[in-house]
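According to TrEMBL:
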type	residues	note
ACT_SITE	Arg174	active site
ACT_SITE	Ser224	active site, proton donor
ACT_SITE	Glu294	active site
DOMAIN	29-195	domain 'FAD-binding PCMH-type'
Amino acid sequence: MSAIIIENLLSKYDLKKNYPAKELTNFHIGGACDYVVYPKSIQEIIDVISVAKQNKVPVTIIGKGTNLLVSDKGIRGVVVRLEDNFSKITMVDDNTIEAEAGASLKAVCDVSLQNSLTGVEFACGIPGGVGGAVAMNAGAYGPNMQDIVYEVTALDTDLNILTFKNEEMDFSYRHSIVNEKNLIVLKVKFKLEKGDKRVIKETIDDLMFKRTSKQPLEAYSAGSTFKRPDGYFASKLIEDSGLKGLVVGNVAVSGLHSGFLINTGSASCQEVLDLIEFVKQVVGNKFGITLEEEVKVIGDFS
C-alpha cells in the first residue's frame, strides 16, 4: 500500500503525517508516527480502522499518552488518537455519568462535583483519559476504576460494538478484559452516589495536595513506572536500594518519588528501557523481588 493511497483514503479525517510521537505522550519520547488520525465519533473510529485493515496497515490506539513509552523509531501505520476530539461527557441520570474514551478523568471529576456526586475523587489527579484508565483499572489512594465503572462500551477486533457490565470486565490490579481481548474502549458509564458538595471538594483538594507534594507532576514521565508488588511499594523498594535521585544520561529516578522515572529533557526510549532494567536488577538482587512495568511500551522495535 503506497503512502499516497492511504493518505487519500484517510484525507477526509483529521490527519497528521510523520508526526513526532513525543508530542503525543507525557514522557516526550519517541520517533515519528507515519499517520495520526483524530476521529470525532464512533463511526469515524470504525471507518478509519476498517480502511487500515483493508489495506493491511497496522493500527495503534492511544488516548492521552500519559502511560506510554514510544520507540525511538516511532510507530508504523496509523495511530488513532482518542483525546479531546472524542471526549463528550453527559449525565445519564441523577447518579450516572457517561464519558467518551478521550475525556480526561479531571473532566469527569468536575462534572461529578458540579452534580454533587461522590466516588470518583480518587481519580481527579490521575492525568490520563477515561479509556486508558478503565483499560488498566487505574487507581489511587485505595480505590480503582472497578469501584465506579457501571458499564463499558467497546470495539472488538472484528469492529463489533460490545457492552460490558462491571462484573464482565474481569477487573484486577491494573488489568481488565480490555487487555485480554484487545478491545478499544469507546465510552464508559460511571455509577456514583449523591454526596455533600463541600465534602467532595475538600476530599479532592486534599488528594490533589498529597499528589502535587509527593510526585514530580511537572516532569516528563509516564507516572508510576512499576506496578506495586504484593505486600510492597515499588517506590520504597527502589529508594531502599539506594536508587532515589539516580541520574543516568538523560533519564533519572525522581528525587521526589522514586517510583517515577523522568526524562530530564532529551532522553531516548532506549535510555529509559536501560534504566528500567537496571532498577529491576538492583531491586531484584537486594530484595529478591521482580518489579513489573506499569508503563506501556509501544512502537517499532524492528
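Glycine residues also receive a Cβ, built from the backbone N, Cα and C atoms like all the rest.
Features as recorded by TrEMBL, highlighted on the structure.
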| residue | record | Cβ neighbours (10 Å) |
| --- | --- | --- |
| Arg174 | active site | 18 |
| Ser224 | active site, proton donor | 22 |
| Glu294 | active site | 18 |
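On the 0 to 100 pLDDT scale, the domain 'FAD-binding PCMH-type' (29-195) averages 96 in this prediction. Ser224 (active site, proton donor) is 7 Å away from Glu294 (active site) when you measure Cα to Cα. Distance from the CA of Arg174 (active site) to the CA of the residue listed as 'active site, proton donor' is 12 Å.
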